[in-house]
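Enquirer: Quick one: structure below, then a few questions.
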Amino acid sequence: MGSTSFGIPEHRFGSNGEKMPVLGFGTTVFPPVGAEATKMAILQLIKLGYRHFDTAAKYGSEQPLGEAIQEALSIGLIQSRDELFITTKLWCGDAHGDLVVPALKRSLQNLKLEYLDLFLIHWPVSCKPGTYEFPIKEENFLPMDFNSIWAAMEERQRLNLTKSIGVSNFSCKKLTDILAIANIPPAVNQVEMNPMWQQKKLREFCRANGIFLTAYSPLGANGTFWGSDRVLECEVLKEIAKAKGKTAAQVSLRWIYEQGVGVIVKSFNGERMKQNLGIFDWSLDEDELKKIDELAQSGGVTGVAYTSKCGPFRTVEDIWDGEM
Ligand code: NAP
């Protein structure tokens, strides 16, 4: 595995050997801080060495990310856009075969980029074309037509508008459905994963099928409306952290990395931005890994939150096919 000039290991995937820094920065910001603060935080992150940024049409962070990239280029923080790995996602209202192209072009325009590194289907459901409400109204849900959407995703990759394509929040069953029709298999599946929601079955499935898993809400999304403090307040993680002179957050991020999974973490706090980078020069020992492996699992924060608390999807089953 290679690494960025700041020492973040890079995962290689796809037929062209694309390189993804395994630690990426997430740009869903809660509570919202505004476009200027988001742009300034991203510039600070680039200065610190982050090179992989995760956004989505739905987050409202594509534009500030695009502006931050332009400024980083103009002040010489980076020499070329190619030094960055940029992911964005197709929202459910655009998850229709004929809307994929306009949606991707809109995202590229927001980001002021000519190509993406990775374009993901955000959730495995569609809603009424062109609707962007959140939560999604019951009457606006539609079944997803995997065939036409995945064909459009593949076409975008062939036209070099994105280097790779993938999915997010896909269960083993839904991945099986996509793999059955795909000419280009999904490079990535981005899902919630952390020590309290370890995704063992999905991890195994993705490894066996050459799909790189990336973990969102790696710290349990503490402080957001969809998350909780159960990762950062976990006694086992706190004990391991104390013994190693690290924080529970670093133990969680390091554990994910050691599972061969990518990490997308968010912090707009200068100290925590640095802290989250400090996970590559130490390791967890066998006993510590065993203790984490045995942690009681208590249901995905987002799977449950997005269904029960926020209700954009009718049931957890719609998304997870009984795999929660
Ligand atoms: P997260 O990264 O697990 O947690 C973020 C929260 O943890 C923030 O409130 C942050 O606060 C705090 N934090 C960060 N570093 C910390 C540290 N070292 N110590 C203590 N607290 C810390 O959750 P997330 O934002 O849900 O997930 C990360 C990214 O994944 C998102 O931004 C988004 O890009 C992506 N995501 C994708 C999906 C999807 O459906 N594909 C869903 C959810 C999220 P401060 O900012 O104050 O540090």
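Backbone N, Cα and C define each Cβ position, glycine as well.
Heads up, TrEMBL stuff is auto-annotated, nobody curated it.
Found this in TrEMBL, in case it helps:
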- Tyr59: active site, proton donor (ACT_SITE)
- His122: substrate binding site (BINDING)
- 23-296: domain 'NADP-dependent oxidoreductase' (DOMAIN)
- Lys89: site 'Lowers pKa of active site Tyr' (SITE)
Enquirer: Based on Cβ atoms within 10 Å, give me the single least packed residue among the recorded positions Lys89, His122.
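Expert: The recorded positions Lys89, His122 were compared, and His122 has the fewest Cβ atoms within 10 Å.
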Enquirer: Including all protein chains shown, what's the count of other C-beta atoms within 10 A of the C-beta of Tyr59 (active site, proton donor)?
Expert: 20
Enquirer: Do you know the mean pLDDT across the domain 'NADP-dependent oxidoreductase' (23-296)?
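Expert: A mean pLDDT of 95 is what the predicted model shows over the domain 'NADP-dependent oxidoreductase' (23-296).
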Enquirer: Could you give the Cα-Cα distance between Lys89 (site 'Lowers pKa of active site Tyr') and the residue listed as 'active site, proton donor', in whole Å?
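Expert: Just about 9 Å between their Cα atoms.
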